[in-house]
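Participant: In case it helps, Swiss-Prot gives these features for our protein:
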ACT_SITE  Glu160  active site, proton donor
ACT_SITE  Glu375  active site, nucleophile
BINDING   Gln19, His116, Asn159, Glu160, Asn297, Ser428, Trp429, Lys435, Tyr437  D-galactose 6-phosphate binding site
Amino acid sequence: MTKTLPKDFIFGGATAAYQAEGATHTDGKGPVAWDKYLEDNYWYTAEPASDFYNRYPVDLKLSEEFGVNGIRISIAWSRIFPTGKGEVNPKGVEYYHNLFAECHKRHVEPFVTLHHFDTPEALHSDGDFLNRENIEHFVNYAEFCFKEFSEVNYWTTFNEIGPIGDGQYLVGKFPPGIQYDLAKVFQSHHNMMVSHARAVKLFKDSGYSGEIGVVHALPTKYPFDANNPDDVRAAELEDIIHNKFILDATYLGKYSDKTMEGVNHILEVNGGELDLREEDFAALDAAKDLNDFLGINYYMSDWMQAFDGETEIIHNGKGEKGSSKYQIKGVGRRKAPVDVPKTDWDWIIFPQGLYDQIMRVKADYPNYKKIYITENGLGYKDEFVDNTVYDDGRIDYVKKHLEVISDAISDGANVKGYFMWSLMDVFSWSNGYEKRYGLFYVDFETQERYPKKSAYWYKKVAETQVIE
């Protein structure tokens, strides 16, 4: 049976400042930790990325032509405050005003994120969000943006608090490249959630118009053997690290006893302790019912198996299928069922996981109000033929995920939109330019855009709300 989506559903495309803009030192932009980190550790940099800094009129015109009526954009904090605080950079402010004006001219609603992995270098090298002073700096930056950019109707504080802590302190593929420090992971999650809560409270107390929420990456975690209590426990602990800890902070304003039991177990095994203060919980509690929406980024699920051994994580950054490894001491290891498909980067394709995650939020956090799927898509080594890409695999992936969103809506979940990652090809943080996600193919040499087969398919779905 053909499935449909509501008439007012947003069919969006997603971008991020650092992955799309290029112009990393242009017009007064301050440095971010990624600038040097990519030069030192990877085979690519963020120049020119998709040159969105100059080419956004082209991308927004294409959006309008292809039925994309929402766009996720992030503001580069260091374009506004080059050192994260103090002096404002007027050229950065002007750029975003021009960008948002173009969005509205093209009838593409901007959903604007304040922080998408790109803390200014001056603050990042001072501990990033492990340093509590940076909570204040973030709230001040947020307040400036709320006041300045009154044309924005949808704000999100952070993109993917979970993967930031994960990338910086567990996997070690984000600057500062620390591995296996679970205490830092949880502390980063916590301090960023306090920053989020304080920004949301300020937004509401100040009476700004528009809506505000947060974007969480929520990969669903399953036990490898649902009948084995040890595998069930491994999945629960992995879920706490990546999902439950930050969801509790968002919607309960505290960490449930079950969540803290898991956190304490993980830290007991791996070492370290957390600094959780009364004023933190006051801030979390004050904001827990003020979020207008939750953004869910969903790409994959994981299966967890009980495991007794040391932590070892190997990141597959080059698309060499089967080269990744993930096992955490006292938690478990990832082991997927053989019949579940994977991408070349070992990302597990499992649309049912998105349905399960949406329904979990609905059941466990009934004050969620509404959900946008703020990222979902398929990374490929696209083959450019006849000025396009025949990306049937991507179409199939997105179709199946839209279908489970339709199912979730039918089953009572309030899901209001979908943003495909990514609008146009951008560079991938730890995979470079080879891993493409866009509706529009970007020739990174010439910066020309070419609609892929998926763009024509997406346009039809957006126009008809029929998933076929």
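Glycine is treated like the rest: Cβ placed from N, Cα and C.
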Participant: Return the residue, from the listed binding-site residues Trp429, Tyr437, with the maximum count of other C-beta atoms within 10 angstroms of its C-beta.
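Facilitator: Counting Cβ neighbours within 10 Å, the top one is Tyr437.
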Participant: Take the Cβ of Asn159 (D-galactose 6-phosphate binding site) and count every other Cβ within 10 Å, whichever protein chain it belongs to.
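Facilitator: So the Cβ neighbour count for Asn159 (D-galactose 6-phosphate binding site) comes to 25.
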Participant: What number of additional C-beta atoms lies within 10 angstroms of the C-beta atom of Gln19 (D-galactose 6-phosphate binding site)?
Facilitator: 25
Participant: Compare the C-alpha of Glu375 (active site, nucleophile) with the C-alpha of each of the recorded positions Gln19, Asn159, Glu160, Asn297, Trp429, and give the closest one.
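Facilitator: For Glu375 (active site, nucleophile), the closest Cα among Gln19, Asn159, Glu160, Asn297, Trp429 is found at Asn297.
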Participant: Assuming the binding residues for D-galactose 6-phosphate are exactly those in the record, Gln19, His116, Asn159, Glu160, Asn297, Ser428, Trp429, Lys435, Tyr437, what is the maximum CA-CA distance in angstrom, rounded?
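Facilitator: With Gln19, His116, Asn159, Glu160, Asn297, Ser428, Trp429, Lys435, Tyr437 as the binding residues for D-galactose 6-phosphate, the largest Cα distance is 20 Å.
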Participant: Do me a favour and check the Cα-Cα span between the residue listed as 'active site, proton donor' and Trp429 (D-galactose 6-phosphate binding site); whole Å is fine.
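Facilitator: For the residue listed as 'active site, proton donor' versus Trp429 (D-galactose 6-phosphate binding site), the Cα atoms are 13 Å apart.
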Participant: Run through the Cβ atoms and count how many others sit within 10 Å of the one on the residue listed as 'active site, nucleophile'.
Facilitator: 24
